[in-house]
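Trainee: A single structure is presented below for examination.
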Amino acid sequence: MVLMAPRTLLLLLSGALALTQTWARSHSMRYFYTTMSRPGAGEPRFISVGYVDDTQFVRFDSDDASPREEPRAPWMEREGPKYWDRNTQICKAQAQTERENLRIALRYYNQSEGGSHTMQVMYGCDVGPDGPFLRGYEQHAYDGKDYIALNEDLRSWTAADMAAQITKRKWEAARRAEQRRVYLEGEFVEWLRRYLENGKETLQRADPPKTHMTHHPISDHEATLRCWALGFYPAEITLTWQRDGEDQTQDTELVETRPAGDGTFQKWAAVVVPSGEEQRYTCHVQHEGLPEPLTLRWEPSSQPTVPIVGIVAGLVLLVAVVTGAVVAAVMWRKKSSDRKGGSYSQAASSNSAQGSDVSLTA
């Protein structure tokens with residue numbers, strides 16, 4: 001695959017910020033690339049989205065009438081025209097690189113160009129509460145399966161199959177892991193710090209959850225107790241059920257945290273209980289926005305109803321988010337540890353706000 005040339009390192013990114021700014025929690029920045037072939041319908045579509053914590057802040061779609069990287073958060077509108085022009089050019093160049101990667105992957109897997117195929121990339125880093133680098137990561141997938149990933153030490157690669165081994169060998173020869181490590185630990189962190197400062201009113205807030213419990217009879221003998229947490233930010237939250245003080249982890253139905261449509265999140269956890277024993281069960285809620293954990297118990301007299309309108313709105317947005325994620329995020333999950341290792345190719349670092357150019361070509 002074609003390797004992107006290294007770009008000039010970022011010179012100035014609010015240096016004083018790195019020394020003086022502190023945060024109450026860890027933060028992350030991640031970019032997701034998705035490239036999808038569509039035989040007979042033109043060149044593959046390329047989508048790039050960037051997230052700081054749980055907030056999407058930039059997006060690029062090659063299918064737009066006039067493709068440009070665009071802001072997806074109000075605080076990104078502070079960036080001037082030169083920023084968006086530069087990042088748009090980077091996205092367009094990356095789109096061409098990813099399309100070439102897709103063609104090369106077809107050759108590696110001995111596949112024809114008549115079918116639909118997908119190449120996905122996710123990379124980013126986490127920083128601690130006071131700003132230091134915690135960890136970096138980069139994963140690549142082909143047709144929804146692991147292809148190659150940067151190991152935790154940021155010095156080596158794990159390939160998922162024999163085809164990926166080809167990429168791994170080329171990356172090792174090019175010292176690609178070292179390039180990625182330097183980029184993720186340095187320039188990438190500086191961009192994250194800049195965005196955290198510019199968007200601090202949004203990104204560093206802590207909205208506590210609004211909680212309540214609902215009761216849903218199943219039969220004369222059983223009922224479902226559902227513990228709700230609504231309107232919270234950030235997305236990290238813990239809901240646990242206890243019976244007489246003992247955790248009911250195995251018996252708890254827990255949904256993934258969902259966007260509510262207004263920049264906050266929703267979640268619920270449920271247990272099935274014997275009718276008449278509801279008072280023995282308690283729901284415990286932990287979140288950054290709470291001064292201390294909450295404990296909820298079913299109160300028959302309150303009989304709260306589920307806020308259908310708010311939940312439906314959240315589910316509608318969830319559908320949109322999931323749809324976007326299918327084309328813009330890495331959807332594969334790590335398989336069991338006994339999978340064969342493999343390798344995958346990657347690009348040189350970039351000093352742009354887009355993050356780094358990631359080339360899967362080899």
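Here the Cβ of each residue, glycine as well, is placed from N, Cα and C on the backbone.
Pulled these from Swiss-Prot:
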| type | residues | note |
| --- | --- | --- |
| COMPBIAS | 342-356 | compositional bias 'Low complexity' |
| DISULFID | Cys227-Cys283 | disulfide bond |
| CARBOHYD | Asn110 | N-linked glycosylation site |
| REGION | 25-114 | region 'Alpha-1' |
| REGION | 115-206 | region 'Alpha-2' |
| REGION | 207-298 | region 'Alpha-3' |
| REGION | 299-308 | region 'Connecting peptide' |
| REGION | 337-362 | region 'Disordered' |
| SIGNAL | 1-24 | signal peptide |
| TOPO_DOM | 25-308 | topological domain 'Extracellular' |
| TOPO_DOM | 333-362 | topological domain 'Cytoplasmic' |
| TRANSMEM | 309-332 | transmembrane segment |
Trainee: Compile a sequence-ordered list of residues in the same chain as Cys227 (disulfide bond), six or more apart from it, whose Cβ lies below 8 A from its Cβ; state 'none' when nothing qualifies.
Mentor: Thr211, Met213, Leu239, Trp241, Trp268, Ala269, Ala270, Cys283, Val285, Leu296
Trainee: Among the recorded positions listed here, Asn110, Cys283, which has the most company in the form of other Cβ atoms within 10 Å of its Cβ?
Mentor: Cys283
Trainee: Roughly where does the region 'Alpha-2' (115-206) sit in mean pLDDT, to the nearest integer?
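Mentor: On average, pLDDT over the region 'Alpha-2' (115-206) sits at 95.
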Trainee: DSSP on the region 'Alpha-3' (207-298): how many residues come out helix, how many strand, how many coil?
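Mentor: Helix (H, G, I), strand (E, B), coil: 6 helix, 53 strand, 33 coil.
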